[in-house]
Amino acid sequence: MTAQLNPFRNAFRLPTKQRINWFPGHMNKGMRQIQQKLRNVDCIVEIHDSRIPLAGRNSQFFDTITGSGVKPHILVLNKVDLLGPKQQRSVLQQLRRQQPELKNILFTNCKDQRNHGVLDILPLATQLVGDSSRYNRAQSAEHNIMIIGVPNVGKSSIINVLRNVHLKKRSAARVGAEAGVTRAVGERIKIQEKPAVYMIDTPGILQPSVTDDEMGMKLALVGCLPDHIVGEDLIADYLLYWLNKHRRYEYVEKLSLSSGPSDNISAVLAEYAQTHGMFHRVKQYDGQVEVMTNLLAAARKFIQFFRTGQLGSINLDEHA
């Protein structure tokens, strides 16, 4: 009996040998500024995207910032509204199994000011600071909390939510839909009066080189890298690969694919574009204008479906 061939790829490879690399000048500057301010920091709050609990979290960077565990540390997994309760439990077990040194983990949705995880950040940080040896800051009544993490995971948004909740004041940290809005380590932002708590916003820091294709594509898919750095067509192709690999075929109905699951991103995008009237006019070399399916618009829509949770709750580090 002939074994049935797997119609899908069993590995994802970039079309060129060039690795994804996004470590612009403001990140180098940010790293130096972070290290300069550490002496006056009492607690580190690391914000990360809950859909990639492992990918992009630099252990060497973590050790440098926390002093190998000397400074209190909280891992905040944000955007939990895109994960779901069942996936939360799975992620928690995964982290405790692979990184047992992580003691303080919170799941948050920074879009909801009543979210329990968001409301727990400040009390937990205050408790950890109170229980820690503050050394040169032992006489200070103020608490300084530094917010760190990769780009576009909601660091500035969480600062603004906490400021609004505890001080009833408007936003103080810049936010944006794309990675890289915060480009320098900010000044202290007051979050609470008694005790006086200040937060320090920082630019998103990635490893100087993303040496693993899968890690780079996961970061790109959740928006930690600007889409144009990687290319929407490549991001959409990785999304298709991941969904097929994990037998998550919800995309077939969402994209109105009459032929069922496919491993051909060009065919998938072309069918979706045709079905939904996505066309654009392209001028040919001979000057003639041809109406063609807009594959880029279709790729952006496919990515948007994932980022807004319309393809279901997904942990991209599942089985990692």
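The backbone N, Cα and C atoms fix where each Cβ goes, glycine too.
Residues annotated as GTP binding site in Swiss-Prot, with similarity to another entry given as evidence: Asn78, Lys79, Val80, Asp81, Asn152, Val153, Gly154, Lys155, Ser156, Ser157, Gly204.
Taken from Swiss-Prot, the feature domain 'CP-type G' applies to 31-208, supported by sequence analysis.
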Practice problem: Enumerate same-chain residues with a sequence separation of six or more from Gly154 (GTP binding site) and a Cβ-Cβ distance below 8 A; give 'none' if the list is empty. | Solution: Ile47, Asp49, Asn78, Lys79, Thr108, Cys110
Self-check item: Recorded GTP binding residues, Asn78, Lys79, Val80, Asp81, Asn152, Val153, Gly154, Lys155, Ser156, Ser157, Gly204 - maximal Cα separation rounded to whole Å
Solution: 21
